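Feature annotation from TrEMBL assigns ATP binding site to Gly162, Glu163, Ser164, Gly165, Ala166, Gly167, Lys168, Thr169. TrEMBL lists 1024-1034, 1162-1175 with the feature compositional bias 'Basic and acidic residues'. Under the heading compositional bias 'Polar residues', TrEMBL lists 1096-1113. Marked as domain 'Dilute' by TrEMBL: 1484-1764. As annotated by TrEMBL, region 'Disordered' applies to 599-626, 1024-1054, 1085-1118, 1162-1185.
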Amino acid sequence: MRESELYVKYTRVWIPDPEEVWKAAEIIRDYKEGDSILHLKLEDESTFEYAIGPKDKLPFLRNPDILVGENDLTALSYLHEPAVLYNLKVRFLESNHIYTYCGIVLVAINPYEQLQIYGEEVINAYSGQNMGDMDPHIFAVAEEAYKQMARDEKNQSIIVSGESGAGKTVSAKYAMRFFATVGGSASDTNVEEKVLASSPIMEAIGNAKTTRNDNSSRFGKYIQIGFDRRYHIIGANMRTYLLEKSRVVFQAEEERNYHIFYQLCASSSLQEFKELALTSAEDFTFTSLGENIFIEGVNDAEDLVKTREALTMLGVKDVHQMSIFKIIASILHLGNVVIVSERDGESCHINRDDTHLQHFCRLLGIEQEQMEHWLCRRKLVTTSETYVKNMQHAQAVNARDALAKHIYAHLFDWIVEHINKSLHTSTKQHSFIGVLDIYGFETFEINSFEQFCINYANEKLQQQFNSHVFKLEQEEYMKEQIPWTLIDYYDNQPCIDLIEAKLGILDLLDEECKVPKGTDLNWAQKLYSKHSASGHFEKPRMSNSSFIVVHFADKVEYQCDGFLEKNRDTVYEEQINILKASQFQLVADLFQDGKDVAATPSSGKASRVNVRPAKPQPKGHNREHRKTVGTQFRNSLHLLMETLNATTPHYVRCIKPNDFKEPFIFDSKRAVQQLRACGVLETIRISAAGYPSRWTYPDFYSRYRVLMTKKDMTIADKKLVCKNLLETLVKDPDKFQFGKTKIFFRAGQVAYLEKLRADKFRYACIKIQKTVRGWLQRIRYRKIRKTAITLQRYGRGYLARRYAERLRLTRAALICQKRSRMVRVRREYLKTRRAVVTIQAFARGMFIRRLYQEFMLHHKAIIIQKAVRGWLVRKKYLRARNAAVVIQCFYRRVRAKRQLQQLKIEARSAEHFKNLNVGMENKIVQLQKKMDNKTKEYKTQSEQLLVVNTSLGSEVDKLQKELHTLRSQQGPSTQVVSLQDELERLRAELQEAHAQRKVIELEFSNEKNDLEKRVEELENENSLLKKEKEEMNRRIQTSAPGKGGDASQKESRIQAELDEERQRYQNLLKEFSRLEQRYENLQDEMKFQPGHRRNPSNQSSLGSDSNYPSISMSEVGDTDDTIQQVEEMGIEKAAMDLSVFMKLQKRVRELEQERKRLQTHLEKVEDLNNRKGNETRSSTSEEDINADLAYNSLKRQELETENKKLKNDLNELRKAVSDKASENSSSNELQDGYSVLLNQLKEANDELEVRKEEVLMLKAQIVNTTRQLENTIHINSNDVSEITNNKKPVDVVNAVDTVESKKLLEDQLKTQSRQHNDELEALHTQIELMRSDLEKKQEMLNHFSTLSPEALVEFSIEQELTRLTNENLDLKEIKEKLEKNERKLKKQLAIYMKKVKELEVTQASRSRPELHRQVTVQRKDKDFEGMLEYYKEDEALLVKSLVTDMKPQVVSATVPCLPAYILFMCIRHADYINDDQKVHSLLTSTINAIKKVLKKNGEDFETTSFWLANTSRLLHCLKQYSGEEAFMTQNSGKQNEHCLKNFDLAEYRQVVSDLSIQIYQQLVRVAEAIMQPMIVSAMLDSESIPSLAGMKPMGYRNRSSSFDCEDGGPPGYTLQALKRQLGQFHTTMADHGMDPEICQQVIRQLFYSINAVSLNNLLLHKDACSWSTGMQLRYNISQLEEWLRGKNLQQGGSIATMEPLIQAAQLLQMKKKTSQDAEAICSLCSTLSLQQIVKILNLYTPLNEFEERVTVSFIRDIQNRLQDRIENNQLLVDTKHTFPVLFPYTPSALSLETVHIPASLNLNFLTRLILLQKGAEAHRRPANPHTNITKNVKKKLCIAVAVARKQSGSVSPNRHGLFRCFSPLSRNTEIVGVLFCLRI
């Protein structure tokens, strides 16, 4: 169809406007070809007549609303200037989108505001994505360049251009940040940080404030970022172009010099900068010319700190930094040097006392006199003579300024060179990405040499840009095999030739500079004469000193003044020579090696000329010095273009929206100027000249199938259907072309198709409306007819009712008349009757009044009589009552006195104590301490008594010796008499000792009475405490309901803190694993370095493989020693010593276990107290049982201790006797042995008999008192927070009423009184025992006196053995009782375990899927023990077989987690043989081997899952068989027998737990990496609901992504594929026997990843935010929920992680018009942040014309409603967030002895241990039994043989005698060894 046919009524067009550039209008009358006027209606409803001349074109057509706001301008149907401008304006103002694609160009509009779209999470979101799949962004361009570099192995370039203030520097900075993040260096050189650190340095020395930009780059730079073959950054290089040196000495109004000057002045107060002699920037000429030294919001002092940090990062030493600052400060001082003109005006001078000149020379290290001389003079050199000529004042000022510019330029080059050296690397560069940050096209009121060079560079870049765009269009057509003709595009080669060709502007400028007296005017005249005929050169009408160049963007008029001077860049050689002679090396190096510029002779007359003798031939100037600035710039520009042409360019065009630097204000005029200048419109024109609109066949079919017929829909070939449709709709074949994969349309054809589609929909809508309206009218007619009938019925009824009412009124009138007449007659009758009655009343009243007066007189007389008689009677009654009261008082006083006496008696009795409360626990403890002290005093007195007995024994010895001598001298009779006397004397001393003992006992009883009195006082005080307790209980009951909520909140807060702490710990663990991986990588790199290396001598081979410290069981000492070790070593060294840390950690865990044990004990006591309220008797009996058990356990421990001590003493005694017997000693030696025996027996009797019972009773009493104290503390506790910490509900405290507390206190009083009675009885029993002991000792002394020494020794041994045997038998009886109770408890536990197993089986059958395998758990005939023995040398083979070479498929048909069970069984054997080194070595080797396997298979999900399951099972086994009560509650009896006996592996449990966390994190990473490519395609792109989503026109980025594919790109994943992948993960974890809780946590983390990736892509993808996408998302999420329910994983919290995505889907489907809709959105989207909600609303795009866009006012309403919401206002979700993992304790019901080891594992070297007999421990016969017998066993063996020989009278002992002589606690293991030794 013809174009004029589109201009019909309601068509929208664009018309020019002087203010807004383009204005929207609507055609109100159809246009016919040949009409001269087009009738329009503007947006303000006013009409406008648009004149159309014969040469004028019709106005531009507007795009459909569906295309407005497109992220790619080439996707617009109508491609022209107003459409581009309007689309950018809508995106910038309404959606706040600053980036838009225009084909291959990214248009970036400066928002003048910090946007939160450049964080690391945004970089991660764009990394790895196709450019057309995401919203336009600078990161998308950077990712495209990085991807093409890696794919095509071709260098890339990113060209960032734009005028000053458009944001070029920031865009380039963000591009480099992206490369630094994505392509970070593989080594520790931190090259990416150095690349970023160069930015603040270059901004400080090369950026300045201008009228258009506060941070304008006054130079161009091209940064090449080098990459290696793995595409990691290895280095960078920077090239700079055309530094604006004139800014150093001159700034326009409201502008500043370079930032570094102001940074130094702002920091001049620092001590290190005092020598610079700087002050405020206002005091220096070079920094105050712009009259504004400050920038709003910028702190120059802080910026200097950042600059210095960047210099340090790049390796610039502090000395060099100070040298740089000195040079910069010297430039400021040079600008303040005052040059004074002489009177004649031909010369000038500088005052010698000029301080600024002094500072300038001092800072640069040069001679002041020479610089002062040559600043005012210059040297003229001829072939024969040298002249020194004075300069005029203006010439000297220009020379001074030239010197300042020269110094700064050389310093700038030196810094750039040093940065390049720092960024240089010796590694070979594989490829690079260049970032060009160069000035855009500039035009000012006054344009000089700098603007000319800038625009020249932009001409070259525009030429390269045009050719590249044309080339890409050509490649696209050729790839699709479309015939095309040459597109005519603007070629600016003539303009470039005008500038750089032979005799061009630059050539003429250089030629004029060579002329000795060349001037700017002469150069201008040459330009006029040479180029006046050129179409790109014009001469201004009103000026002869300027010229106009017609650039591609606009005409620019250049002022010729200053061109020659700036092109020459003149500086005098004498001044440079002075600087070369500087004493500072850096200053001298700046101007060496040909860097100085030769002085150019200048013309002028001189009044005085000094002639000097001729000097030798001067040195020739360097060729480089003769090059002008223009020539240098042209050469560097040619080099840049060669570099760009050798790379693949990517373009970023920065646009400045307004000149006022206001955020989000769009000036259409300024924007159009820049769009024309930067080449965006040229791109549009080239694209519009061909086929700009391109659709793939499936997309076209999906969008326009409504225009097809039913016959076309039946054809399977969609390409053929599309061809038939287009040939039918579009008659002109030139308007479209069919490619291989796409359909190409001319400009406007898509809009025409959209019009046809809209007409089709409109026709369908009209038909639907017609049908619906007819149906509505029929319904309305039926409703009216029904209403009319109803009205008639009601009208007739009304008339009938009105007639009936008239009849009722007539009847009522007759009745009223009848009643009226009756009333009149009745009134007359009643009147007559009332008159008669009145007369009768008056007569009767007169008679009654007379009678009443008589009655009144009689009544008064009676009242008087009554009063008198009553007074008499009352008086008599009062006298009698008073007498009775007196008698009662006396009687009651007597009874009260009697009761008082009775109460006093009761108060002194013990029964009174029972009625008082027990609350004085602390005081009772003090009394117990006093009792202990008295006991110690009693012990001391007993020891004194022992000393007396000892002295008596020594005197007996002396007497015996004397008796022996007397026997030899006298006869036997005298000896007997002396012995009898001596015996009498000893008896008297014994009686004395008894008397002293009685005195001590009497003192003890007195002290006890005092204590009882004290107890009474304490009980009185306790009654007061009872009242306070009751009051506090009442307060708790009243305050508990109000604090319940606080307690729950506190509990939730504590839980949240616990989760945070767990997550922080796991993050640290993740960082540790990362550093560990980094360390291993460095080790691997060190292995490949040449040269011989040797390990340190103090480093073992085992330690090199282990990452954990070698902790032996014997090395884990006491915590106090550890703390002292920490104090000695220091905190830092101790922190580095992991063994010390683990010891402290063990102590912390022990304290934690002790706390848990006490908490459990308190809970049990509380339950016991609750039961006491109902069953007092049963609780009393339980307390007695507990007390008895405590007493028996303490007694048994005491007896065992005493038994061991006596055994040692007996061994020493036996050894002494045997030694003496072997030596055949004399009688004196036998007497010494006898005295030793007596001392031993006395000590034993004292230890066993005197202290034993007393200490045991006191211990038992202390234990019971402590239990009562805990009960009382628990009952009297009124701290709600303490209850909350103990996890007890507040209702438990409230439930304790006063009656139960009273009963409990009474029971405690009874218990305490009974304990006091028991204590008294124990003391009496102790006294009786002491008496009996003394009698026995007396008998023994008498018996000893009659025995010989040998018989005495033998008898004492027999007595001691008999006593020990009896004690062992008693202990055996106690043990049998305890074993009986244990068997009973085991039976109960077995019943419970059976029930638990049944419950686990039922739950497992419900939750876990059926495993399609056969578990081979075989029963053996032999009774195996759950241990596996291996030799030390087989450890490496064991680890290799179970870990290194283990494949999950090998053990798939066996017990899950079989390697974990086997490893633990080996650990059990090492624990059984008490080999701590073996345990340590096995665990360390296993952990290191698991780490190596996981490192080797880091991307294998199955292997990672397998080892996570085994590591967690090993952790559970270490807990289950640790012997701790908390982990043994669910064990069977057999499993409890398998607990570890010797070692506490708590430290290794922590190590294994950390390893499990690391494996879990690796498993999550692997799973997320597998799922990452599926998520977006499955959740957002795939059509789970067919034909729901509509298609839109695609832009260039969508039609040409970085992944070009003949089939349209890589295949997409569906939701079913994602569900299958999740199912594979879950099945794999379940098959490996992983705990269901861990599986739920893995699935929860994967669902979080699905939510994060989907939501981030939804927020960064414009086309995804639509109603249909919301429907697809909700359907997909429901499918995932169904999958969770099918796997029984819905309780794991996975759905909660999807809540943000669910709310986003609901937001897309909600209404978005009214304030009620806004309120609903605010209440619904609780987990989405405000920024995310606004982003979704801005991105919301209607897929057809029947949807409406979200208005700006609605979005503002949402922002106002949610502005007070406290949240993390972050746009993207953190995809790297990991939930803290928790490994709940899950004991195994599998017994270790039933584990079967398959032969396929090749573990034949493992030996399974077998039980010898029932009840005995597992034992394997050793190779040499004698080596397993300890010294202690040998001693006992000797004693047993001697006793057995004594009892049996034979040489060989029997088994019964041996068994009787060993302790029952150690009999089993020791006797087995004895039996093997004796072979019996």
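For all residues, glycine too, the Cβ spot is worked out from N, Cα and C.
In TrEMBL, annotation is done automatically, which means it is predicted and not curated.
Here the structure is a predicted model, which means the values were calculated and not measured.
Its Cβ placed at the centre, Gly167 (ATP binding site) has 24 other Cβ atoms within 10 Å. The candidate set comprises the binding-site residues Gly162, Gly165. Of these, Gly162 has the most other Cβ atoms within 10 Å.
It is Thr169 that, of the binding-site residues Ser164, Thr169, has its Cβ surrounded by the most other Cβ atoms within 10 Å. Of the chain residues outside the ATP site list Gly162, Glu163, Ser164, Gly165, Ala166, Gly167, Lys168, Thr169, Asn110, Asn213, Ser216, Ser217, Gly440, Cys654, Lys656 have their Cβ within 8 Å of the site's Cβ mean position. Computed over the domain 'Dilute' (1484-1764), the whole-number mean pLDDT of the model equals 84. In sequence order, Arg212, Tyr439, Gly440, Phe441, Glu442, Cys654, Lys656, Gln674, Ala677 make up the list of same-chain residues 6 or more apart from Glu163 (ATP binding site) whose Cβ falls under 8 Å from its Cβ.
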